């Protein structure tokens, strides 16, 4: 387990969520899918969100049930272990719909 403070992990989640939103704010799905650099940057930011979530202890997570902790860790696992099978349509939906919600919920924490 990491010796970093929970606040540091929450900061990582917020910073990475902000990055995802910034990287994709002025583009549509076609530009996302055709721009390898943006795809890689978004995937890396989502991996960081999941990795940071993984290190937040269960007692803390239980205090904030509106944050999808397990789903964030699960997405990280999919992105890292099944890279060649990524569903980019689903990933785009996560970027546009779920990441802003995650950001909002983590800001409340």
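Residue 1 is the first one shown; counting continues down the chain.
Using the three backbone atoms N, Cα and C, a Cβ is placed for every residue, glycine included.
According to Swiss-Prot, the active site annotation covers 76, 81. Feature annotation from Swiss-Prot assigns motif 'RX(4)HXY motif' to 76-83. Marked as O-di-AMP-tyrosine by Swiss-Prot: 83.
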DSSP says residue 76 (active site), in three-state terms, is helix
Could you tell me which three-state DSSP class residue 81 (active site) falls into?
helix
Across the motif 'RX(4)HXY motif' (76-83), what is the average pLDDT of the model, as a whole number?
75
